[in-house]
C-alpha cells in the first residue's frame with residue numbers, strides 16, 4: 001500500500017506538470033472504486049485550472065477554483081503522467097484519465113481500493129472533509145514532537161508500533177516505516193506505548209522524520225505495485241535496517257533480525273539494538 005513517502009513522491013512528480021494547467025476533459029471508465037466517483041466530476045472539472053496539489057496524510061488534494069478533487073491511491077493505485085502524443089490505450093485497470101493539452105494524468109488501480117472524490121469550495125475548508133478531519137498531525141510539521149507522542153500515549157497499553165500505525169497521532173507512518181523508525185530510535189516495537197519515556201519519544205519523533213525523508217529521497221518503497229508519476233520504482237526497501245530482513249544480521253550489531261506479528265502485520269526488529 002502506498003504510504004506517505006510514496007504519495008509525496010507522486011505529488012512532487014505531478015505538481016510541476018498540472019499546476020497552472022487546465023483540465024480539457026476527464027474520462028471516467030470505472031466509477032466503482034472504494035467509493036463511487038461523483039457522477040458530475042468530469043463536467044465539474046472541464047476547463048478548470050489546477051491551482052495547486054497538496055498532500056494530507058495519504059490523500060492528494062488537487063485544488064481548482066470551484067473546489068478540490070481528492071485522490072487516494074488505496075492499496076495498488078498509481079498516478080502517471082503520460083505524453084498526450086502517443087498515449088497508450090487504456091488497459092483494464094486504467095480507470096480515470098485527466099486530459100491536459102500536452103499530457104494525460106492516468107489513475108490506475110488493479111484492486112480498486114483507491115478513491116477519487118470531490119469537495120466543493122462552498123462546502124468549506126477541504127481539511128474539514130470527513131476523511132481528513134480526524135487525521136493526526138503531519139510528521140514534517142512543527143506540531144509533531146516527542147512531547148505530543150508522550151502526552152497522547154499516557155495510560156495506553158497498546159504497543160508503541162500499533163500506536164504509530166493508528167494514524168490518530170501522526171499520519172503516514174505505515175508498516176515498513178514504523179519498523180524502521182523504531183529501529184533508529186532503539187525502541188522495541190512490543191513496548192507498551194504508555195511506558196515509553198519522553199526522551200525516547202523525542203528520539204522516535206526525530207527517527208520518524210528522518211526515515212520518511214530518506215524514503216522520499218529514494219523514491220519511496222516498491223514492494224509490489226508502486227511506481228512514481230514517471231513510472232519508476234522506489235528503492236528505499238533496498239536500504240532497510242530491519243524490514244523484511246528476518247534472520248539476516250543486523251546492519252549495526254550483527255544480531256539476527258527477528259520477525260513477529262502484531263495486529264496481523266509483520267514486525268521486524270533487532271533484539272539487541274532495540275530495548
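Positions of Cβ are set from backbone N, Cα and C atoms, glycine also.
These features come from Swiss-Prot:
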ACT_SITE  2  active site, schiff-base intermediate with DNA
ACT_SITE  3  active site, proton donor
ACT_SITE  58  active site, proton donor
ACT_SITE  265  active site, proton donor
BINDING   93, 111, 156  DNA binding site
ZN_FING   241-275  zinc finger
Worksheet item: When the zinc finger (241-275) is classified with DSSP, how many of its residues are helical, how many are strand and how many are coil?
Response: 0 helix, 12 strand, 23 coil
Fill in: Tertiary neighbours of residue 111 (DNA binding site) (same chain, Cβ under 8 Å, six or more apart)
74, 75, 76
Worksheet item: Rounded to a whole angstrom, what is the largest C-alpha distance between any two of the residues 93, 111, 156 that the record assigns to DNA?
Response: 42
Practice prompt. Would you mind checking how many other C-beta atoms are within 10 angstroms of the C-beta on residue 93 (DNA binding site)?
Written response: 17
Discussion item. Using a Cβ cut-off under 8 Å and a sequence separation of 6 or more, which residues in the same chain sit near residue 58 (active site, proton donor)?
Written reply: 2, 3, 4, 7, 72, 73, 171, 172
Worksheet, complete the sentence: DSSP output for residue 93 (DNA binding site) maps to coil
Practice prompt. Output, ordered by sequence, the same-chain residues six or more apart from residue 265 (active site, proton donor) with a CB under 8 Å from its CB, or 'none'.
Written response: 165, 175
Practice prompt. Show which residues of the chain containing residue 156 (DNA binding site), separated from it by at least 6 in sequence, have their CB under 8 Å from its CB.
Written response: 163, 192, 193, 194
Item to complete: Looking only at the zinc finger (241-275), report the model's average pLDDT.
Response: 97
Worksheet item: To which of the active-site residues 2, 3 does the lowest count of other Cβ atoms within 10 Å belong?
Response: 3
